[in-house]
Amino acid sequence: MPGPMNKRDLEPGIITDLAGRTTYGDYLQLDRLLSAQVTRSQPPHHDELLFIIQHQTSELWMKLLIHELGACIRYVQADRLEPSFKIFARVAHIQRMLFEQWSVLETLTPNEYLEFRDTLGSSSGFQSFQYRAVEFLLGNKDAQALMPFRHVPAIHGELERLFESPSLYDEFLRHLSRMGHPVPQSHVQRDWRKPYEKSPEVVEVFRRIYQDAEAHWDAYEMCEKLVDTEERFQLWRYRHMMTVMRIIGFKQGTGGSSGVGFLRKALDLRFFPELWDVRTELTPPPPRHRP
């Protein structure tokens, strides 16, 4: 017979004596994690906790994003595109978490934020080393972006390593070259620290792949995964800009930037320019013979 409503008895096998065992809190180090939300406003402002958690959770998702993009790069280096497609599916969900959670911060009104904004000092999202790592992994290389991290040698060193290494897009072009596609040598071996310069020859490589997708299915699928990734990244940038505009208008950013104006310029940046340009070059396929 069913038991009383709103009551669920513990099953006999559920462990309740946790002395000497690894617990949920132990495994996740919740004592450290949950003690990291330290407000600075005096007296503590109710909404400062929201602001801190918004950014800390973003950093956690970016840590996972870096982990997954690194795995993608290793698969591409090994000429194994297919296993990377599953990772891209996960990357898609991580990115959605990142840009959809801006809606939580948007519940912060301008006057509420102004009541504790001064406690941020000169801190700014531009100083997020993990965000910078994601940009480097995807190919947006800018030596000036390393400057805010010079005072932390370990972080600066890791970012410098990514800055000097081929990006995901670079590795994909190198893979296509190994597969026999006529990628220009200037895009197979170059100074990876320099900003990427798009090439009409690379557009032509992609045009051939798109015009005969069945013959180049893995490469075609990879092209679309990269476009998906960049589109979602642009959505993140846009939501960031709109959230800032909604909360502070056109005030200067805490880190010294112009604020919304600086964020708007990022919308013009492209990670994979030829994958966007090729869409203009595509023509209708020839009619298929029907028996």
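Heads up, the Cβ atoms here are built off N, Cα and C, so glycines get one too.
Matching Thr16, Thr229, Thr254 to the substrate binding residues that Swiss-Prot gives (Phe51, Ile52, Ile53, Gln54, His55, Tyr113, Arg117) identifies Thr254. As a whole number, the greatest separation of Cα atoms within the substrate-binding residue list Phe51, Ile52, Ile53, Gln54, His55, Tyr113, Arg117, Thr254 is 18 Å.
Tyr113 (substrate binding site) sits 16 Å from His240 (heme binding site), counting Cα to Cα. Within the same chain, residues at least six positions away from Thr254 (substrate binding site) with a Cβ under 8 Å of its Cβ are Arg117, Leu120, Gly121, Ser122, Ser123, Ser124. Long-range Cβ neighbours of Gln54 (substrate binding site) (same chain, at least 6 residues apart, Cβ-Cβ under 8 Å): Gln101, Val104, Leu105.
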